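K.L.:
The 4-amino-2-methyl-5-(diphosphooxymethyl)pyrimidine binding site annotation in Swiss-Prot covers GLN47, LEU48, ARG49, ASP50, LYS51, ASN84, SER123, LYS153 and rests on sequence analysis. Annotation source Swiss-Prot lists Mg(2+) binding site at ASP85, ASP104.
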Amino acid sequence: MPGLDGFGIRARLEEALLYLCTDARTERGDLAEFADAALDGGVDIIQLRDKSAGGAPLEARHELAALEVLAEACVRHGALLAVNDRADVAMAADADVLHLGQDDLPVELARRIVGDQVVVGRSTHDVVQADSAATEQGVDYFCTGPVWTTPTKPGREAAGLELVRHTAEHRGHGRPWFAIGGIGMDNIDEVVQAGARRVVVVRAITEAEDPRAAAAALRTKLG
């Protein structure tokens, strides 16, 4: 929630179970209503991730405008606002969370831009990356996956439930981590049984007819 200090953001992260990535919903024009519904249903963290089929991100001014809408919703619901990839945009948007992929800006350099108050997350796709992110200086949480193949990451091979099991067994009591990739109501039980307490979802909520109900159903599965 924009306005929290680093301690408050990290305390909220520890409690977070359900993390949502969404595009700006430009064609639908319902970003504010969608965000309110998803957050009301139980989403703890909402990240703007809007890329074209070719992988190009939104122009900065459009990204900041969408983030402003999400920030207002986060304030209303006590949720955390996340920015994907861009440390400069995270700083400009006063985001709570910056999420970095393996090929993005190094954590040390990102920290120079966003400072120590912002939570920084890492994407991991195999055991070596997950083990590294679990101890990497400057990282607050990490994601493991994709558990299953997903159109939001075309061409990326699924890591499967084995990565979830490994992380739960060897890194389950350290910094927070989330399973990600193709997770929905049809398979979330498998992810939980493999040891995940927290998940990241996309289509399970963004494509739902009732985002509030979809979020609530997923949240119930996580306890």
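Heads up, residue numbers simply count up from 1 along the chain you see.
Cβ atoms here come from the backbone N, Cα and C positions, even for glycine.
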K.L.:
Compute the C-alpha separation of ASN84 (4-amino-2-methyl-5-(diphosphooxymethyl)pyrimidine binding site) from ASP104 (Mg(2+) binding site), stating it in Å without decimals.
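P.N.:
Cα-Cα, rounded: 10 Å.
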K.L.:
Give the distance between the Cα atoms of ASP85 (Mg(2+) binding site) and ARG49 (4-amino-2-methyl-5-(diphosphooxymethyl)pyrimidine binding site), rounded to the nearest whole Å.
P.N.:
9
K.L.:
Under a criterion of Cβ-Cβ distance under 8 Å and sequence separation of at least 6, what residues of the same chain contact GLN47 (4-amino-2-methyl-5-(diphosphooxymethyl)pyrimidine binding site)?
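P.N.:
Sequence-distant Cβ neighbours: TYR19, LEU20, CYS21, THR22, LEU81, ALA82, VAL83, ASN84, VAL97, HIS99.
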